[in-house]
Amino acid sequence: MEVLLPLLLACSLLFTIATPIRDITDVCASQINDFQHLNSSGLHLTLHHPQSPCSPAPLPSDLPFSAVVTHDDARIAHLASRLANNHPTSPSSSSLLHGHRKKKAGGVAGSQASSSSVPLTPGASVAVGNYVTRLGLGTPATPYVMVVDTGSSLTWLQCSPCSVSCHRQAGPVFDPRASGTYAAVQCSSSECGELQAATLNPSACSASNVCIYQASYGDSSYSVGYLSKDTVSFGSGSFPGFYYGCGQDNEGLFGRSAGLIGLAKNKLSLLYQLAPSLGYAFSYCLPTSSAAAGYLSIGSYNPGQYSYTPMASSSLDASLYFVTLSGMSVAGAPLGVPPSEYGSLPTIIDSGTVITRLPVNVYTALSRAVAAAMAGAAPRAPTYSILDTCFRGSAAGLRVPRVDMAFAGGATLALSPGNVLIDVDDSTTCLAFAPTGGTAIIGNTQQQTFSVVPGSASPPAAAAEDPNCSWPTQARQGLEPTSDI
């Protein structure tokens, strides 16, 4: 595997180069079964694009791209609000908390939760832009299709009897009564106290002193249920005592998934619960919609294959993955903006955001440079929703200039046409970037086909182009626990 950039010995974000993308015809059938395994190099899970024909829970085939953009915009708005510490509330009609007590620090209060409205603090919208994998739960283990989100912490799934509401999902709903290792978590547990940081919402207590979680998202989707503990499994690997949410009221746009896997930096996330066994590092490769599958690996990556940028620290939100964008170029020519413009906004790397958001002046320069480079190669098309730099044709069929995204420390993402433009319909493709005055976000369109390591013991943020999203084969590195949590 050729590495385009020199390895930088810093706490960083990872990127590498491999061979052309494979034909998916022969591999889709095997990948849809999720080739999950645990070996000496860590835990490896299959990731599917939400619109891939290989996905075990694909989005509707007739879903217009305008819906993707709308929900992507909602995710951005609420991430920005979350980072501004100005959390709006969205009322739910959940009746699960009727008669239950809100939990306060140091004990359980006697106040009653409203039976008609539970004010929840949205995190970020899910499903439309999030990749999916499978998770096994219970004893005996049963597999469930889950969306994966680096911007969320708490893992939860729908649970029988769904006392209030369950959305339609692929496969049966988890029945805790059928698991020999299931246990409800009491309000006095430290994990119950961690819910405020994990979900941005306070926990509550049932009449029997069982901890109640409330997870909500920017598009008004939410899940409310009981904090629980059970054995989680992935292929041949199983991990007892895993804390998750057993959802009894789950409403919104979760596709046909059973729930959500949280990978943010929080004690209740999947990453940090498995870290004592696997190590404090994870990597992923997000496939395109036409590829069979990508991967998510916990506890393993080969640092020699990557280029690095230091992970940025931020007091805005300890659970998200911050990086520092330092420059961009189009067809080898740097954008004509002052270097300070790139760092004018906090920047996170996020697996569930589709369209990358850039500071306004950076975006304007990028849009003009791409349009100028493509002048004569493709006629312009009308603005599509928030995407204002559009062309007639498809990304694969046009002569698209190379766009480089440089990060602090010297790492650079050399974007291919499929990372630069995104097809919005059969005859129109648009620049997969948009301006923002709030939080800059490196979205998943730009991350596709790169192997990314957003967190580790160092913690590194690194990436390496890997069009095949090849499975890691290297032995696990000797990583030590992080100290940021």
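Yeah, the Cβs are placed from backbone N, Cα and C, and that goes for glycine too.
Its Cβ placed at the centre, Asp149 (active site) has 27 other Cβ atoms within 10 Å. Residues annotated as active site in TrEMBL: Asp149 (among others).
Here TrEMBL flags Asp350 (among others) as active site. Note on Asp350 (active site): other Cβ atoms within 10 Å of its Cβ, all shown chains, come to 28.
Marked as compositional bias 'Low complexity' by TrEMBL: 85-97.
When pLDDT values are averaged over the domain 'Peptidase A1' (131-464), the model yields 91. What TrEMBL records for 131-464 is domain 'Peptidase A1'.
Taken from TrEMBL, the feature region 'Disordered' covers 81-119 (among others).
For 454-485 (among others), the entry in TrEMBL reads region 'Disordered'.
The annotation signal peptide is assigned in TrEMBL to 1-18.
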Whole-Å Cα distance, Asp350 (active site) to Asp149 (active site), is 8
